[in-house]
Structure formats: structure tokens, C-alpha cells
Amino acid sequence: MHGWLLLVWVQGLIQAAFLATAIGATAGTIDTKRNISAEEGGSVILQCHFSSDTAEVTQVDWKQQDQLLAIYSVDLGWHVASVFSDRVVPGPSLGLTFQSLTMNDTGEYFCTYHTYPGGIYKGRIFLKVQESSDDRNGLAQFQTAPLGGTMAAVLGLICLMVTGVTVLARKDKSIRMHSIESGLGRTEAEPQEWNLRSLSSPGSPVQTQTAPAGPCGEQAEDDYADPQEYFNVLSYRSLESFIAVSKTG
């Protein structure tokens, strides 16, 4: 009795070991790039790599969220959904090439492998669509353009103000110099004009230098005549006066 139970137990162990070996032999794995990124307007490859020693792939389904993208069948080949027929191209291998990406293409993508006798295997990929480098550069230039324009406008305004102040200062200086020169001209002209008017006026006395007259009303011809001559003339005239008086007497 105990021998029979031992035999059954050994047979069970052998069957369990054989079953475990069979399951291990048919088990497979899927490797994917869990997170990928691409630029808007560009393209990206969605790829799931299935590996197994004995299992064979019979069908592969590709979905975006819950929306079918494409199906591959060993018997029927590829079929791409009409909605994505202009942007989805089968390959390489059992993957897909997604073209003309938009920002709305960002999201989760699933690959489902149907195998025999291994069963079904699933993989997940998250795609992030980013703005293209040209758009980013254009946005950066657009953002820096107003700053550059503002700086140029400020510098232009400063230069204009400096130029205006310089012109006004020069004009004010010129006006001041002209006023000073005009004032000096009037100051110099007024005495000359007054003298000319005084000389040309009929009633104004004209000062002339005359030699002093002698005792008999005759003007001395020479202020610096000899004193002896002057005395002789006086004596002669006095003598003539005395003779005239004697004759009348």
C-alpha cells in the first residue's frame, strides 16, 4: 500500500516537471521603448519586439488608445485603418511607421501579439509629439524681436532728445551772442550820433579859439611876440595921442 502511494507521488512529480518545462519552453517576452518622442510634422517608428523559442506569431494588432490603427495576419497580411491610411505605413518588421505627426497624436499605443501555443502578449508605448525645432526657433526670434525693437526705439528716442537739446542750446547761445553784439553796437553809435547832431545844429555855439585882443581892440598876431616890441608900440601910440591934444589946444 505504501509502495503504491510512493509510486503515484513520483509520477506526479515527473508530470509536474514535464509541464513546467513545456510552459517555460513556450513562454515569450515583448520588449518596447516605453516612452518615445518625435517632432511635430515628422515621423516615428512604433516597434514591439517579441521573442520566444517555440511560439509562433499568428496576428499582431496595433491600436491608439482604443482606436484600431492596423492589423497584421499571417494569412491575410497587413490592413491599415482607412482613417490612418495616408499617415501609417507598415514596417519595419511587425512595427508601424507613423508619419506627418500632429500634437493630437500624443498618447498611448498598444501592440497585441497573438501566438501559438504561447497565447497573447501585449506591449505599451507612450508617444509625445513636440513642437518642431523650426517653430521653437521662430517663437524665440518672435519673442526677442519686440525686445530688440523696443531697445532700438528707446535708443532712437534718446538720440533724438540729445540732438534736440544740442540744437536748442546752440540756438539759444547764438541768440544771446547776437543780442550782446546788437547792444554793443547801439552803445557805440549813440555818442557818435549825438556829436554829429550837436555839430550840425544851427543854434548850437561853435567853439573856436581866438587870439586875445590888444588894448585898442586889435588882435595880437602872435601870442608869443617879443615884450620889448609890444612896449615900443604902446609908447608910440601914446605919443601920437599927446601931439594930437596939443594941436587942438
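Cβ atoms here come from the backbone N, Cα and C positions, even for glycine.
Out of C48, C159, the record in Swiss-Prot bonds C111 through a disulfide to C48. For the ranges 96-101, 162-167, 228-233, 234-239, the feature annotated in Swiss-Prot as motif 'ITIM motif' maps to 234-239. Among the ranges 24-34, 35-45, 123-133, the one that Swiss-Prot lists as region 'Homodimerization' is 35-45. Helix first, then strand, then coil: DSSP counts for the region 'Homodimerization' (35-45) stand at 0 helix, 7 strand, 4 coil.
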